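Worksheet: the structure to be examined is printed underneath.
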Amino acid sequence: MNPNQKIITIGSVSLTIATICFLMQIAILVTTVTLHFKQYECSSPPNNQVMPCEPIIIERNITEIVYLTNTTIEKEICPKLVEYRNWSKPQCKITGFAPFSKDNSIRLSAGGDIWVTREPYVSCDPGKCYQFALGQGTTLDNKHSNDTIHDRTPYRTLLMNELGVPFHLGTRQVCIAWSSSSCHDGKAWLHVCVTGHDKNATASFIYDGRLVDSIGSWSKNILRTQESECVCINGTCTVVMTDGSASERADTKILFIEEGKIVHISPLSGSAQHVEECSCYPRYPGVRCVCRDNWKGSNRPVVDINVKDYSIVSSYVCSGLVGDTPRKNDRSSSSYCRNPNNEKGNHGVKGWAFDDGNDVWMGRTISEESRSGYETFKVIGGWSTPNSKLQINRQVIVDSDNRSGYSGIFSVEGKSCINRCFYVELIRGREQETRVWWTSNSIVVFCGTSGTYGTGSWPDGADINLMPI
């Protein structure tokens, strides 16, 4: 083979190899692009399939950019449909409660800028849980924190952070409020915020960050609401509000709200005599609330809300082991399901309970007279049998030597069931701890578990002698 032939042969082989490599690169590029587009391909409905006509919200479109061998390819990710929550799954079967979260706000206040708060609660959107509280318009290490034992001032605002994040200076102030409730309907947050003069307060209804509706005081005597989460089913949210005396008959109404707009108001009906600070949970197809009777009963009122026809039924928790504070000792206390027990009914504390078939799970202070300690347990027959007192699965959340406060319920939807969780307010400062001039709180949070669990105590834990005065 002469030199020219060798050159031609080598060139031909090189060209062939280069062509093969080029074709392979094209094949790889085509395969990569095809697989990427297929991953985000929007499925179209088959022919003749009927699609729902009700309004839906589509999240803001997102564009994904992929770089392949210096070529930019853009493909729009499919819009994600956002639907109202319906809470139709069954309630989770539990054996008790396991620790979930603790924010340690008071301990952190000894060396950092943390808000002075009270009336905390927890609520979750479909993807994340948040903690709320009513701030006093000041941090703890600030002279404005003096005399923050007062409940109602124009400086109080509703604070909102991810659960477990203390209320630092960067915390969002959702609205002006000295009484509040919040819930997520599956599409956006609803906040009910009460503020103003005691004799002529205003409740603002804020949905998706916008003021949508409002209502003024109807009895001119401290309009107030739940201090825990409201509940939304298929786009209709319910919130229990009371206006009137805290120690005699008051005027309680249940408001039905759709995307921030009041669509109906129902008066309280049934045998409950006094209803305040309800802890509500979804009980499909309705809403159930366990509340505070601040007039006649140390047994807790129950309010059942029908979301479809706006009807209301009320009664009392049947358990003879009653949930309010103050109360009689367990030997002497009673409850017969329908009426207040007239046992140390004047005064009380926000609390919770929820039904489990014929039984009831509940939490309460360990002390019968003061907001000290906290315990949970199940009462067999406590939801259906008058004066039932068989207690099982008792747990200590806060030992009796430490302070507690308000407590309330919130619900979390899992893959197959709805779990019940609760929080406990851990109050510190005035009136009991007179070394300091402020009153504030931290929280501890537990959730239902079907597993096993141990024992412990989870108090606030701050050494009052180390705290700013």
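Any Cβ shown, glycine's included, is placed from N, Cα and C.
Matching Swiss-Prot disulfide entries to the candidates Cys175, Cys183, Cys278 identifies the partner of Cys230 as Cys183. Among Asp309, Asp324, Asp330, only Asp324 appears in Swiss-Prot as part of the Ca(2+) site alongside Asp293, Gly297. The Cβ of Cys237 (disulfide bond) has 27 other Cβ atoms within 10 Å, all protein chains considered. Comparing Cβ neighbour counts within 10 Å across the disulfide-bonded residues Cys278, Cys291, Cys421, the minimum falls on Cys421. The shortest Cα-Cα distance between Asn234 (N-linked glycosylation site) and any of the recorded positions Asp151, Asn200, Cys417 is the one to Cys417. Cβ-based crowding with a 10 Å cutoff singles out Arg292 as the top-ranked of the binding-site residues Arg118, Arg152, Arg292, Arg371. Between the CA atoms of Asn402 (N-linked glycosylation site) and Arg118 (substrate binding site) there is a gap of 17 Å.
Put simply, the two farthest-apart Cα atoms among Arg118, Arg152, Glu276, Glu277, Arg292, Arg371, the recorded binders of substrate, are 21 Å from each other.
When the Cα atoms are compared, Asn86 (N-linked glycosylation site) and Asp151 (active site, proton donor/acceptor) turn out to be 34 Å apart.
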